[in-house]
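Asker: Pasting in a structure now, in structure tokens, and then I'll have a few things to ask.
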Amino acid sequence: MLTQLKTYPKLLKHYEEIKEVHMRDWFSKDKERASRYFVQLESLSLDYSKNRLNDTTLKLLFELAKDCSLKEKIEAMFKGEKINTTEKRAVLHTALRSLNDAEILLDNMEVLKSVRSVLKRMRAFSDSVRSGKRLGYTNQVITDIVNIGIGGSDLGALMVCTALKRYGHPRLKMHFVSNVDGTQILDVLEKINPASTLFIVASKTFSTQETLTNALTARKWFVERSGDEKHIAKHFVAVSTNKEAVQQFGIDEHNMFEFWDFVGGRYSLWSAIGLSIMIYLGKKNFNALLKGAYLMDEHFRNAPFESNLPVLMGLIGVWYINFFQSKSHLIAPYDQYLRHFPKFIQQLDMESNGKRISKKGEIIPYDTCPVVWGDMGINAQHAFFQLLHQGTHLIPIDFIASLDKKPNAKGHHEILFSNVLAQAQAFMKGKSYEEALGELLSKGLDKDEAKDLAHHRVFFGNRPSNILLLEKISPSNIGALVALYEHKVFVQGVIWDINSFDQWGVELGKELAVPILQELEGHKSNAYFDSSTRHLIELYKNYNQ
């Protein structure tokens with residue numbers, strides 16, 4: 001456990017020594033701070049100079065990582081050891097994008113051979129849709145793709161297709177359905193033509209309640225309009241491992257794309273779950289996405305901790321969570337194309353590390369994953385940055401931006417990028433009472449009024465942030481960015497001694513929903529309901545009589 005590691009008391013002592021130091025002082029004393037605390041991997045870079053740390057902090061954090069055998073655990077993951085201990089599974093999302101020739105054997109399966117076989121089928125299928133060779137039941141080309149999934153079968157594909165819209169096929173419109181509410185699927189069905197729509201049903205077991213409910217609604221709508229169930233074969237494909245259930249649905253087994261237990265949902269966009277991505281972007285751009293992730297994989301596996309991007313970000317996060325007692329972490333992308341990135345990282349981070357039981361089954365006596373949240377930065381400035389600047393919470397921030405200007409939008413990117421730099425500087429530097437008072441007096445305010453108002457215009461600063469810069473929003477850079485966060489999550493899971501690759505926390509609510517659903521549908525359940533739940537069940541039933 002973290003608190004039992006030999007470096008932990010050293011970090012506690014060091015924290016007490018520097019907790020009141022202001023970053024302004026470090027910057028004023030060290031003119032090389034920005035260049036020293038900067039790491040670049042091809043066209044992705046990290047400026048971590050605006051963090052409340054110094055060389056001693058980093059040295060101790062690297063020692064902490066060594067205490068946890070981080071290097072050895074990284075290797076264990078890449079080699080296919082069953083590090084998902086509660087489910088007795090390997091964790092090999094890295095194999096989905098591997099360019100290595102060295103085969104990985106897992107329970108007598110040749111992993112890379114299997115992965116590349118599925119990729120080959122995905123490429124052939126996506127080519128047929130994009131080229132117009134694959135036609136609908138009236139011989140129309142496919143114009144709309146509807147991806148039906150939830151969680152990891154939705155968020156990754158949605159995020160990537162949105163981020164890389166400039167690379168998408170101009171004929172294809174992408175739609176993503178995850179919510180079982182009914183509104184979302186009905187809204188999508190209103191917009192599309194059954195004769196030119198391809199539905200992708202993404203569910204490993206092909207039994208996920210939300211996904212199957214939406215898929216059956218889409219199926220019913222399609223059959224009513226096409227007039228014959230046989231047309232399902234041309235318009236529905238599945239990403240699943242349950243061949244029997246897929247065939248019962250009416251989907252041809254040749255239109256089923258498999259994936260494996262060694263790939264968790266939130267790590268699965270590189271697999272057949274990314275079929276919608278490949279269809280939209282094409283195989284060349286999908287390959288670039290994989291290549292960017294592989295580049296980050298190799299960096300994570302081989303770079304020394306001192307210049308290792310995921311290791312640095314993971315350890316810096318631990319520094320704030322377990323020593324500064326930070327409870328929250330903000331993701332602030334300054335790019336409209338990255339608007340879904342925060343909620344993708346929410347799932348990746350919180351479903352992986354939102355746990356309080358160690359690998360040995362013991363209750364952990366320290367904080368683990370913070371609340372991860374965010375929005376597009378420029379909008380957030382006018383919504384909740386007030387709290388970040390002058391509120392009572394210490395909330396570290398990841399600013400994410402690109403250097404590349406958008407075409408046909410002169411002056412826009414300069415304004416956007418200036419705000420990234422200004423916000424990061426403001427969070428670090430702040431504004432003292434004396435500075436605020438001087439500004440007010442220079443504007444001609446009465447001295448007594450200025451003294452009172454100046455208190456409200458103080459920014460304490462010393463608010464930490466990372467700045468992640470991409471040269472441009474491209475497939476390879478998005479691949480590298482996602483892999484960076486995947487590995488950062490892994491690093492923190494190792495430090496906290498938790499299994500980052502199960503998600504038992506999603507199960508209890510699903511189990512309890514079964515008897516409640518029986519009651520709502522008019523059937524009697526033998527389950528016990530607390531008085532609140534029973535009252536609300538009756539309220540619903542009475543309203544809908």
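All residue numbers here begin at 1 and follow the chain in the order shown.
Placed from the backbone N, Cα and C atoms, the Cβ positions cover glycine too.
Annotations for this protein, taken from Swiss-Prot, read as follows:
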ACT_SITE  GLU351  active site, proton donor
ACT_SITE  HIS382  active site
ACT_SITE  LYS510  active site
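Map these features onto the structure and tell me what's around them.
Answerer: For GLU351 (active site, proton donor), other Cβ atoms within 10 Å of its Cβ number 22.
Cβ-based neighbour count (10 Å, all protein chains) for HIS382 (active site) stands at 8.
In the three-state DSSP reading, LYS510 (active site) counts as helix. Around LYS510 (active site), a 10 Å sphere centred on its CB holds 11 further CB atoms from the protein chains shown.
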Asker: Hey, how far is GLU351 (active site, proton donor) from LYS510 (active site), Cα to Cα, in Å?
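Answerer: Distance (Cα to Cα, whole Å): 15 Å.
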Asker: Using DSSP with the three-state reduction, classify GLU351 (active site, proton donor) as helix, strand or coil.
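Answerer: Reduced to three states, the DSSP call for GLU351 (active site, proton donor) is helix.
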Asker: Do me a favour and check the Cα-Cα span between LYS510 (active site) and HIS382 (active site); whole Å is fine.
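Answerer: That comes out at 37 Å between the alpha carbons.
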